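These notes are about the structure you will find just below.
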Amino acid sequence: MTARAYVGGRVLIDRELRNATVVVDGSLIRDVLTDDRHVGNTETIDATGLIIAPGFIDTHVHGALGRNLMEASSDAVDSVGRYLVSQGVTSFVAATASVPLTSIEVSLAGLSSCSKRSGADNTAALLGVHLEGPFISAERRGVHRREYLLEPTDSNLSRVMDAADGALRICTIAPELTRGIPAIERLRADGVVPSIGHTDADYAATSRAIRAGARRATHLWNGMPPVHHRAPGPVAALLADDRVRAEVVADGIHISPEMLAAHFAVEPIAARMMLVSDGSDVTGLADGPQQRWEGTRVTLTNGVARNSAGTIAGSTSSVFDGVRTLAEAGVPLAYALYSASTVPAESLGYTRIGRLKVGAKADLVMLDDALSLRRVVLRGSEVNL
């Protein structure tokens with residue numbers, strides 16, 4: 001395959017959009033040129049008027065188009081993966097739900113197998129699994145079913161980690177659980193990123209969890225107590241510690257656009273915010289009654305899913321929707337794109353995705369000024385949108 005040079009675009013470099021040329025050679029980025037150096041023997045592709053960013057990385061997605069990733073089949077993973085690519089997502093982490101532990105083990109084993117294969121063409125890469133539940137607070141469980149919640153005992157942790165066989169990337173945990181802190185310490189030691197979420201912990205307990213090794217927040221604000229100036233709770237502790245990367249569902253519903261803009265207006269915090277979709281199996285389906293994979297009945301109204309109690313039942317948006325929401329709220333576009341690509345990669349220790357640099361994987365998205373998706377380059381190959 002002849003190397004290709006995308007010229008004339010504005011390229012996301014760190015948290016700036018700069019005039020540059022991106023050279024793709026095979027499945028890798030060969031060069032990113034911000035000067036007039038000759039690019040050598042390449043096919044030149046005019047990207048004038050386009051914004052070029054790393055492919056988006058969704059580290060918290062449950063499914064789409066009626067398929068749930070806990071089905072853990074190649075067909076389900078590829079179906080969701082194709083949908084994600086159409087939304088500019090080139091890599092993702094499959095999120096689970098609180099169901100019987102034996103069912104979680106089956107799903108983890110299947111997803112582990114899927115993550116170790118090359119995957120079908122035009123599908124986003126499955127990086128591994130985000131275990132969201134069962135180690136969460138009953139008081140802040142959201143749509144997770146109470147009867148399936150568990151303590152993160154050594155035995156339960158061993159079962160999920162054995163089933164995942166090295167594919168467990170993130171584990172959401174409520175640190176106030178009896179075995180919460182020891183579980184965080186064990187997860188961290190075993191290379192899994194503990195993420196604080198669905199928690200009723202106070203500021204002190206959250207701070208202890210961060211000291212024990214928690215490095216992420218699962219959908220910040222959602223599934224957590226509100227902030228009070230005399231009882232700041234987990235949100236304040238998570239925002240105050242620069243070791244933590246925080247998920248936000250920026251669909252304008254889970255968190256108000258004004259609150260999102262406030263986060264990104266504070267420079268040290270802005271660099272740690274991370275867009276996720278929390279997209280569910282009903283993402284992309286028509287309005288009306290729908291049934292989730294685990295049996296929960298929801299109603300979609302204007303694309304918002306709620307259960308019978310009126311509680312938001314996951315998201316139906318995409319990371320790309322989050323980029324648009326942030327931009328509409330006045331967040332600099334470069335910051336929004338950075339939070340959709342670089343921060344998620346950093347949160348999991350990946351260095352060859354999430355940035356446009358020499359030697360990185362050639363996963364690129366190209367947007368116009370109206371924030372419409374114009375081109376996707378996936379593992380070095382152009383995708384037909």
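Positions of Cβ are set from backbone N, Cα and C atoms, glycine also.
Here is what TrEMBL records for this protein:
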- 51-369: domain 'Amidohydrolase-related' (DOMAIN)
- Glu132, His198, His219: Zn(2+) binding site (BINDING)
- Val143, Asn222, Gly223, Arg230, His254, Ile312, Ala313, Gly314: substrate binding site (BINDING)
- Asp278: active site, proton donor/acceptor (ACT_SITE)
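Each of the binding-site residues Gly223, Gly314 was ranked by the number of other C-beta atoms within 10 Å, and first place falls to Gly314. With a cut-off of 8 Å between CB atoms and residues at least 6 apart in sequence, the same chain places His60, Ala95, Thr96, Ala97, Ser98, His144, Thr172, Gly197, His198, Thr218 near Glu132 (Zn(2+) binding site), listed in sequence order.
The binding-site residues examined here are His219, Arg230, His254; by Cβ neighbour count within 10 Å, the least packed of them is Arg230. You'll find the Cα of Ile312 (substrate binding site) roughly 11 Å from the Cα of Asp278 (active site, proton donor/acceptor). You'll find the Cα of Asn222 (substrate binding site) roughly 11 Å from the Cα of Asp278 (active site, proton donor/acceptor). Binding residues for substrate (Val143, Asn222, Gly223, Arg230, His254, Ile312, Ala313, Gly314) extend across at most 30 Å, taking the greatest CA-CA distance. Restricting the average to the domain 'Amidohydrolase-related' (51-369) gives a pLDDT of 95. Taking Cβ-Cβ distances under 8 Å and a sequence gap of 6 or more within the same chain, the neighbours of Val143 (substrate binding site) are Thr296, Asn307, Thr311, Ile312, Ala313, Gly314. If you take the C-beta of the residue listed as 'active site, proton donor/acceptor' and look for same-chain residues 6 or more apart in sequence within under 8 angstroms, you find His60, Val61, His62, Ala95, His219, Glu247, Val249, His254, Gly314, Ser315. Among the listed binding-site residues, namely Ile312, Ala313, the Cβ with the most fellow Cβ atoms inside 10 Å is that of Ala313. Same-chain residues that are not part of Glu132, His198, His219 yet have a Cβ within 8 Å of the Cβ center of the Zn(2+) site turn out to be His60, Gly133, Ile136, Gly142, Thr172, Ser195, Gly197, Thr218, Asn222, Gly223, Asp278.
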